[in-house]
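Annotation comment: TrEMBL describes 42-61, 108-131, 170-189, 197-216, 254-273, 308-331, 340-360 as domain 'NF-X1-type'.
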Amino acid sequence: MSFVFLTGCYCGKETQEIPCTIESFGIAHYECQNECSRVLECGNHKCKSKCHAGTCEQCERAVDAVLRCPCNKVPLDKIYERDGVPHRKTCSDSIPTCGQICGRQLKCGVPGSYHECQAMCHEGECPPCPLVTPVKCRCGSLDEDVSCSELTTKADEVRCKRSCKKMRECGRHKCSMKCCIEIDHLCTLICGRILTCGLHRCEDTCHRGNCRRCQETSFEELTCYCGAQVTYPPIPCGTKPPECTNPCSRPQRCGHAPTHNCHPEDDCPPCTILVDKLCFGKHKIMKSTPCYLKAMSCGQVCNKPLPCGQHHCQLVCHEQPCVPEGGSCPQKCLKSRESCGHPCGSLCHSGFCPDITCKEMVTITCECGNRSSLLKCSENDREYRALTTSLLASQMQNMNSGCSVDISEIFTATARPDKLK
């Protein structure tokens, strides 16, 4: 059982538990990463250094520590004599200025020619620079003048936001680095591809070519399914079970004796023993059918009654339903038309047949039999009606002349040219 003791940092802001060991013997305090913030001897300011042991340094504004003006150009003694200002008594007193231009170096401007503060000698931070700085990023995509007040870093440290589009050495990923100046474009991503063992992934950085062989090794014996053949360790990951020439010992679903050797796969190969089975449509028994097949097609027409109740399936003996689920009968309606006696011809339907023109082809022959013509039934009917109308008009003229006429033949079905045959 190990013991721990509680210790604090020098500035008193943090505490932590330290194991009680020989190495920790005598440790009473430690340095944390916070600012010290202890009040200095002057009593006016706090220590800005990081947490530390011992006493804090002298106040940087102490009377004997500040001997020159803020811009560091003129000694304070000279300013006292020249301007007659009273000497500083404490660190809280302001530091006299020399009245000259500050001239402290700023972080703006190009390297080797940084801008200088143009304000009069002053305490504290310098005011923003009113000038502009020519900025050029390291990759060369950004080259423009930027206001010094907008610069957040030195001009030679500016980075543009252009993403590199070059492929990395792996050939799989793009660089995508902002303001890139790399030459080799090394890929730092993990490969992650499945190794040849099929169980583990490549843990190397992304690369070209094949991944290295899996380094996992087993120290257990590897046997075939029946245990007759053994591979002794060490066995590299991904090694297949040894081949076995003994017959498979697993029971077959069909009840036949297995005709294949011992194997590592979970499922046995299909049984190929030849048996007699009915065809798909149960028309006849198919001899020499492999056991693993449910059935075979006999090649005859299916002829099963369809759900419509009017037709029979005309497909060759098949396994799938004659009509797909939710489908309708694909054959044509065979009901006779009342007008001409030809079949309806529309897709199989229930109820009355639709009122559409008959497209059945009929042969029209004259009474003497010397001329004949092939027309659609609907066209023949139209011509017959036109002829009937013409004959009726002619007979009406005869009636107006006082002659007696017989129009019974005009309205009989036997007068149609296609009905004369």
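Even glycines carry a Cβ here, placed using N, Cα and C.
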Beyond the flanks of the domain 'NF-X1-type' (42-61) by at least 6 residues, Cβ under 8 Å: 9-11, 13, 29, 31-36, 90-92, 95
For the domain 'NF-X1-type' (308-331), distant same-chain residues with Cβ under 8 A (at least six beyond the ends): 279-281, 283, 294-295, 297-302, 347-348, 350
Surrounding residues of the domain 'NF-X1-type' (254-273) on its own chain - C-beta under 8 Å, 6+ positions past either end: 224-226, 228, 240-241, 244-248, 290-292
DSSP-assigned states of the domain 'NF-X1-type' (170-189) in counts, ordered helix, strand, coil: 0 helix, 2 strand, 18 coil
Tally of residues which DSSP labels helix, strand or coil - the domain 'NF-X1-type' (108-131): 0 helix, 8 strand, 16 coil
Confidence summary (mean pLDDT) of the domain 'NF-X1-type' (108-131): 89
The domain 'NF-X1-type' (254-273), counted residue by residue under DSSP: helix, strand, coil: 0 helix, 1 strand, 19 coil
